[in-house]
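A.B. asks: Provided herewith is a single structure, encoded as C-alpha cells, for subsequent inquiry.
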Amino acid sequence: MFDFYFNLPLWLRLVLQGTAVILVLFPIAAACSMAERKISAWLQGRPGPNRTVPPILAWIPGIGVFQRLGLFQLAADGGKFTFKEDPIPGHVNKFYFVAAPILAMIPALSTIVVVPFGAYFNEAGKLVPIILANLDIGLLAVFAVSSLGVYAVILAGWASNSKYPFLGGVRASAQLISYELSMTLSVLPVFLWINAPGGEGTLSLFRVVELQSGSGFAWDSVWYVFYFPLSAFIFLVALFAETNRQPFDMPESESDLVGGFHTEYGAFKWSLFFVAEYCHMIVGSAVFILLFCGGWNPLPGLPLGDVIHWLSGFASWAAHPLVMGLIGIGIFLGKVFASIFFFMWVRWTLPRFRYDQVMTIGWKKLLPLAIANLIIYTLGIAVLAHLKK
Amino acid sequence: MAVIQVERKPLSFAERTYIPQILGGLKTTFKHLLKPTVTLQYPEQRPEIPKNYRGVPTLVKDPNGREKCVSCQLCEFVCPPKAIRITPGEIPEDSINAHVEKAPQAFDIDMLRCIYCGLCQEVCPEEAIWLQNQFSMSGYTRAEMVNNKAKLYELGGTLPDDHFKWDKKKSAEEHGNAH
C-alpha cells in the first residue's frame with residue numbers, strides 16, 4: 001500500500017496530501033466556532049448550545065450526549081450558512097466584494113504547507129517530518145503568507161463601500177502591520193540560537209522542534225519557552241493581535257463598529273471570514289507550539305522518540321511509521337487544541353482594548369521590548385559562542 | 001459630611017505590566033469552568049412562581065363544578081385594552097341551576113391585547129375570573145392567541161370556595177325567603 005502510494009507521481013502525491021490536510025484543517029476551523037460557543041458557555045456557567053438534533057437521529061438512544069455537547073450545531077450552522085439568502089448590497093463593487101472572502105481563505109489555508117504537524121523515524125533511525133513542504137525558509141514563509149491576510153480585510157472593508165466596514169478595515173490593517181513587527185523580532189533570538197556560526201543555517205520549523213527533543217536532563221531537552229520566555233510572551237501577544245482575537249478585537253468590534261470589516265457580509269461569505277480567522281488561529285498556535293513548546297514532544301525531557309521506544313516495548317507495532325506518525329500528530333494536535341482553548345479562555349477573561357491602547361501597546365511597549373529582547377539575547381549568544389571557542 | 005481625600009497609590013511595576021492581574025482573571029474564569037451551570041433548562045424545568053403572581057386571566061369553577069361567571073360583563077367594561085368579549089347567555093331550562101343565575105354563552109380573552117393588569121379579577125363580583133400562574137402564552141397564529149370559554153375553564157380549573165352561592169340561591173328559590 002505504501003509502495004503504491006510512493007510510486008505515484010510527485011505532483012499527484014502533493015495534491016493528495018494537500019487536499020487531505022485542507023480536508024482536516026477546514027473542519028477543525030469550523031468546529032472551532034462550535035467550541036467557541038461551548039467553551040464560552042462553560043466559562044460563564046451556562047450549558048451552551050444543547051438543543052440541536054436532526055429529527056431522525058434523535059430517535060437513536062444515546063445520541064443525547066452528542067446533543068448536549070452541541071455537536072449537531074456544527075451541521076446546523078453549516079447548513080444555515082450555505083442555504084440562507086446571501087444578498088450583495090447594491091452599492092458595492094461586486095467583483096472585489098466577492099473576492100475578499102476568497103482572498104481571506106487563501107493565506108489562511110496555505111500557511112499550513114510549511115508547518116510540520118508530526119514526525120516519525122525512518123528505517124535509518126532518522127527523524128522525518130510529516131509536512132507538505134519541508135522548506136529551509138519555513139518560518140519566513142509562514143510570516144510572509146499569513147500577513148497577506150491583511151489584504152482580504154482591507155479589500156473587504158473598502159469594497160463594502162460603507163463607513164463602518166471601511167473604518168474596520170483601516171483599523172485592522174494598522175493593527176496587523178504594527179504587531180507583525182514585534183512578532184518577527186520576537187522569534188529572531190530563537191533562530192540566532194539555532195543557527196550557530198559555522199553551522200548549517202535554517203529557518204525550518206522542523207529543525208526547531210528537532211533541537212528541542214533531547215531526552216533526560218540534556219541542554220536540548222528544555223523547551224524554548226523556558227530559554228526565551230520573553231520571546232514567547234511577545235509572540236503570543238502579537239499572535240492574539242494578528243489573529244484578531246479578543247482583547248485585540250479591533251477590526252470587528254461589535255460595540256463601536258457594528259461588525260467591522262464584515263458588516264456588509266452575510267451567510268457563506270461571512271462564514272468564510274470566520275473560518276479564515278480560526279485557520280489563522282490554528283496555524284498561529286501551531287507555529288507557537290513548534291517554536292516554544294516542543295512541537296510533537298509530549299513533555300520537556302520526554303521526546304517522541306522515548307515514548308515510541310517505551311511503547312514498542314509493549315507492542316512492536318508501535319514502532320511502525322504509521323503509528324508513530326499518528327502518535328506524533330495526536331500529541332501535536334492536542335497541544336494545538338489546548339492553545340485554542342487558551343485563546344477562548346482569554347477571550348472571556350479580558351475586556352477589549354481601546355484602539356489607542358492597542359497602538360500604544362504595539363508600538364510603545366511590545367516593539368521596544370522585542371528589540372531589547374533581541375539585543376540581550378544577541379549579546380548573550382555572542383558571549384556563549386566566544387566562551388565555547 | 002467630612003470630605004476625605006483618598007490618596008491614589010501609584011501602580012507598582014507588576015501592576016503596570018497587568019500580567020499578575022490577567023493571570024488572576026484567568027484563574028477566576030477557570031474556576032467558573034468547573035462550577036455547575038446555573039441556567040434554568042426552561043421547557044423541562046419550570047421556574048418557581050410566586051403565590052400572588054398575576055399571569056394569564058382564567059375562568060374558574062366552584063367545587064361543585066358550576067360556572068361562577070354570571071356574565072355581568074363588568075370585566076368587559078373595565079378591561080383597559082378591551083381584550084375581553086362576553087356574549088351573555090341564559091342557563092338552559094333543563095339544567096338544575098336554571099332560572100337562578102345567568103352564564104356566558106361565549107367568553108373570549110384576546111391575549112394579544114391583554115396587559116395582565118388584573119382589573120378584571122378586582123372587579124369580578126363572583127370571583128370567577130382569576131389571574132393565575134400560567135405565564136407562557138404562545139401560538140403561531142392570531143386566532144390561537146384568543147382564549148375561548150373552554151380554554152379559559154381548562155386553564156382556570158376549580159377554585160376552592162366555601163360559599164356555595166349557587167346551592168344557597170337554589171334552596172332560597174325552592175323554599176322561598178331569599179336572603
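Cβ atoms here come from the backbone N, Cα and C positions, even for glycine.
Unlike curated records, TrEMBL annotations are generated automatically.
Just lifted these from TrEMBL, have a look:
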- A:14-35: transmembrane segment (TRANSMEM)
- A:56-75: transmembrane segment (TRANSMEM)
- A:95-121: transmembrane segment (TRANSMEM)
- A:133-159: transmembrane segment (TRANSMEM)
- A:221-241: transmembrane segment (TRANSMEM)
- A:278-297: transmembrane segment (TRANSMEM)
- A:317-345: transmembrane segment (TRANSMEM)
- A:366-387: transmembrane segment (TRANSMEM)
A.B. asks: Which stretch from A:56-75, A:278-297, A:366-387 shares the most C-beta pairs under 8 Å with the transmembrane segment (A:14-35)?
C.D. replies: A:278-297
A.B. asks: Does the transmembrane segment (A:221-241) come near the transmembrane segment (A:366-387), with 3+ Cβ pairs under 8 Å (pairs 6 or more apart)?
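C.D. replies: They do touch: at least three Cβ pairs between the two stretches lie under 8 Å.
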A.B. asks: Any chance you could find the range in A:56-75, A:278-297, A:366-387 with the most Cβ pairs under 8 Å to the transmembrane segment (A:133-159)?
C.D. replies: A:278-297
A.B. asks: Sort out the residues at least 6 away from either end of the transmembrane segment (A:278-297), same chain, that have Cβ-Cβ distances under 8 Å to it, and list them.
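C.D. replies: Distant contacts of the transmembrane segment (A:278-297): 25-26, 28-30, 32-33, 105, 108-109, 111-112, 115-119, 139, 142, 146, 149, 187, 190, 205, 208-209, 212-213, 223-225, 228, 231-232, 235-236, 239, 242-245, 303-304, 328-329, 331-332, 335-336, 339-340, 343.
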A.B. asks: What residues in the same chain, six or more past the boundaries of the transmembrane segment (A:56-75), come closer than 8 Å to it by Cβ-Cβ distance?
C.D. replies: 30-31, 33-34, 37-38, 47-50
